[in-house]
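Here's the structure we're looking at; comments come further down.
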Amino acid sequence: MQSLIMEPEPKPQRMEPLKFLPVVFMFATILFLYVAYVVQHCIPRLQLDVDPKLVDKDIRARGQLELTVFHWVTALMTVCYVRAMFTSPGTIPSDDKNWEYQEDYFSFLPSFLKETKRSGDRRHCKWCSKFKPDRTHHCRVCRQCTLKMDHHCPWIYNCVGYFNYKWFFLLLFYCMINLHLITWTMVETVWRVVEVPTPLFAMFIVFFTETLAAFMTLLVTLFFFFHCYLVVNGMSTIEFCEKVMPKGEVNEIPENVYDLGLYGNISAVLGDKALLWLLPVNGPPGDGLTFLSATEKVAYDDLEATKTVLRKGNKGRPRQERGICGGADGEGVC
């Protein structure tokens, strides 16, 4: 059995130039769209070089609103990008003996685990030499096991997993808003450069920006709604692919075993405070090592509700003082 375990892979290197190129390309694209939208669309709408008596106040008001919204969304998008990139998705603890691979415990299955191999044995990683928690998978690029791994994303130079999935999800959300804002509001600018004599370079920038934004809007919108589907159904991308194209390596478990209902699924990803769901704060609860099933969640909620009722009931009762021999109000009988 021990021969199945390979030597641990070297620790991932954060600075590998070739793998960093997609991030450079993404930042360059964001910077280009930002400069082109502000310079070619927003600033002309402010009409700063127009005589105050000739200013179209409606166009200026819309330009100010678009510029303000665009910068707020861009700021939130940037924060999410940085957090998704530099937040560890989570990995198997190296100082926890419960996850260290031991041949004697190969067939021992803790009660909190739901996923096993076809043989019924615990899942383990042959590269990391550790037992795998539920929903954990090994990333060949990062060279480590990732908790609740969704996928490896070259655009953020990081795996998307348990602790940074919210930042990735919000990154898609804010990207989608910005791209829609650019695409739909720049239509007027496109018509303007067509009808009014415009330098060739400026016309090219406007047309290229609109085309690029429209293309990316379609892709990011589809990708975002796919992840919305995953979130509300309590699945990851890997689990979705295993459901559609099962490989048969892992023992089948009940369908949607991690589905906690609409509110529960969203809270498991975006945090337990609904008012902060769309802000890059308040990450997911839990440790990413254990997950409640729907039935376990109901039993846990019932237990917590019972404890709450008992605490409230005991709070209103007068506390009895006991004597030395156990009698109430100090009147013990020996």
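Any Cβ shown, glycine's included, is placed from N, Cα and C.
Pulled from TrEMBL:
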TRANSMEM  20-39  transmembrane segment
DOMAIN    121-243  domain 'Palmitoyltransferase DHHC'
TRANSMEM  167-187  transmembrane segment
TRANSMEM  199-226  transmembrane segment
Distant-in-sequence neighbours of the transmembrane segment (199-226), which means Cβ under 8 A and at least six residues beyond its ends: 29, 32-33, 36-37, 40-41, 172-173, 175-176, 179-180, 182-183, 186-187, 189-190, 193
Sort the residues of the domain 'Palmitoyltransferase DHHC' (121-243) into helix, strand and coil with DSSP and give the three counts. 70 helix, 17 strand, 36 coil
